[in-house]
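Chemist: Here's the feature list from Swiss-Prot:
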- 1-29: region 'Disordered' (REGION)
- Ser17: phosphoserine (MOD_RES)
- His335: active site, proton acceptor (ACT_SITE)
- Ser366: phosphoserine (MOD_RES)
- 413-425, Ser451, Gln552: CoA binding site (BINDING)
- 619-641: region 'Disordered' (REGION)
Amino acid sequence: MPILEKTPPKMAAKSPSSEEEPGLPKLPVPPLQQTLATYLRCMQHLVPEEQFRRSQAIVQQFGAPGGLGETLQQKLLERQEQTANWVSEYWLNDMYLNNRLALPVNSSPAVIFARQHFQDTNDQLRFAANLISGVLSYKALLDSHSIPIDCAKGQLSGQPLCMKQYYGLFSSYRLPGHTQDTLVAQKSSVMPEPEHVIVACCNQFFVLDVVINFRRLSEGDLFTQLRKIVRMASNEDERLPPIGLLTSDGRSEWAEARTVLVKDSTNRDSLDMIERCICLVCLDAPGGMELSDTNRALQLLHGGGCSKNGANRWYDKSLQFVVGRDGTCGVVCEHSPFDGIVLVQCTEHLLKHMVKSSKKMVRADSVSELPAPRRLRWKCSPEIQGLLASSAEKLQQIVKNLDFTVYKFDDYGKTFIKQQKCSPDAFIQVALQLAFYRLHGRLVPTYESASIRRFHEGRVDNIRSATPEALHFVKAITDHASAMPDSEKLLLLKDAIRAQTQYTVMAITGMAIDNHLLGLRELAREVCKELPEMFTDETYLMSNRFVLSTSQVPTTMEMFCCYGPVVPNGYGACYNPQPESILFCISSFHGCKETSSTKFAKAVEESFIEMKGLCSLSQSGMGKPLATKEKVTRPSQVHQP
């Protein structure tokens, strides 16, 4: 995501309710003709000429005066008037809740902390107790609406951002459905606020009450209770089947299994405790591998499968903090309630809390007063046993299929890029396009998440980074038979960065095309007997198959974010620009013979080196630095038909 956020002091956030956040504007609806023209411009160079001509005719018919497009646009404007955010429900369903794929790798990103060095299990549990204490402190800030308001950085910096997502961090649960999941927010006048954490250990689940007799447990108390949980979990006579595996299955399969589970009251009670918890803390066994960044990330993404820590999870819960005995720590995130930047802000707050409080010695206290944590019980019929075996097998396939690498480019970082007077994010995106073209000889529809939190209840829209200008640049760079001088290649690089920056501004100001086309499509489902050709056309379908799925997730502390590809023949590319380096997490699938994460990482490296070489021309008097900011046009002027 190209927008970095930081929290300026003395601006207290208000409640997420619409009546208490009047300062933010509603998300605008872009002009219809602007979106249609931009859509054609985004796709023309990515599809065969004949296919494009057919699509162009379909788009012209859709957007004709008095046609279906204008009717749907009017309905969208009415929806904007009547709702807090006209796209949020459509977007949530399309991006997450309708998706039937398993959550590990396919949907749930992970944040990996710096490797810890635990001398023994007590060290591991002290870290976990410290972390839980930090969660409770942060949740108290949320509950009192005391966290500062985020402000945008990067393009159009300084504007306040919507804070609603923060209030879903500890109160959300993704309930599986047969055709569509439900995002449940634990706000109820009937049920009390959750006052427990679920601890996963040895694939067993335990209720850790964090408030007892109206008193929040101290870090020492939490440590005491965690020691009890480890002892209980190690009793093999008491061990129950690894029910958490079911949550790693496809969403429809898990919904089916849950229907079977809830027939028994014991299972219903256990599910209720998990669904209403603040968060999960997963006490992992050692992964048994060298603790490289790549291997630690894999432990967070899928747990290494059912034979390692893959069943020591409950993927429906929005936050699962992993504390491994081998020092592998981080958080697995169910993505539907909030975006990556919000997760990072929360996590950095927790880590800062932990650094401060870890200087104090944690001793067990109040031992005799604390009731023992409760093991969650499960009644497993032969049918459930069969479903568990099936889930385990499918998780193993996910583990085997993921091709993943963490790559650190350390020749330069965002300091050098800023010296070129251009956006680091735009520069990196152009490098990713060049890397893909080097490997595959073409550009493809690319997704880069762009925050629209400047608007009320805003989440993200898409920056389509595979611009015509990027194609001109990558062709020039890779055409070794061409006699094009480097000075002209430099101009093409400037053009590509400028186009990327323009599209970024368009996206963050609510003028991009993806959400708009989604809104028109979903309204068409409601008013038309069948979906219009505009949305069944191969070009439109292809435009939504993001072979390159990218996101900038910057951090100020030692940690990084990663996720999997979103299509079988695609790449996930999450990057974290630092002053003197850029960290990439590249993912793809072994099942696709065309893709390779290590080759892609190598191509990224080559692209950065070549682009730096062109930049040196600028510094040697052949041109000005790659200034882009002053040439950014306002969104309403970009890609006009």
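Cβ from N, Cα, C; glycine included.
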Chemist: At the Cα level, what's the spacing in Å between Gln419 (CoA binding site) and the residue listed as 'active site, proton acceptor', rounded?
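Modeler: The separation of the Cα atoms works out to 35 Å.
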Chemist: Measure from the Cβ of Lys421 (CoA binding site) and count the other Cβ atoms within 10 Å, all protein chains considered.
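Modeler: Its Cβ has 14 other Cβ atoms within 10 Å.
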Chemist: Near Asp425 (CoA binding site), how many other Cβ atoms are within 10 Å of its Cβ?
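Modeler: If we count other Cβ atoms within 10 Å of Asp425 (CoA binding site), we arrive at 29.
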Chemist: How long is the line from the C-alpha of Ile417 (CoA binding site) to the C-alpha of His335 (active site, proton acceptor), rounded to the nearest angstrom?
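Modeler: So the alpha carbons of Ile417 (CoA binding site) and His335 (active site, proton acceptor) sit roughly 31 Å from each other.
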Chemist: Can you tell me the CA-to-CA distance separating Lys421 (CoA binding site) and His335 (active site, proton acceptor), as a whole number of Å?
Modeler: 34
Chemist: Out of these recorded positions, His335, Thr415, Ser423, Gln552, which one has the fewest other C-beta atoms within 10 Å of its own C-beta?
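Modeler: It is Thr415 that, of the recorded positions His335, Thr415, Ser423, Gln552, has the fewest other Cβ atoms within 10 Å.
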Chemist: Find, among the binding-site residues listed as Gly413, Ile417, Gln419, the one whose Cβ has the highest number of other Cβ atoms within 10 Å in the structure shown.
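Modeler: The most densely surrounded of these binding-site residues is Ile417.
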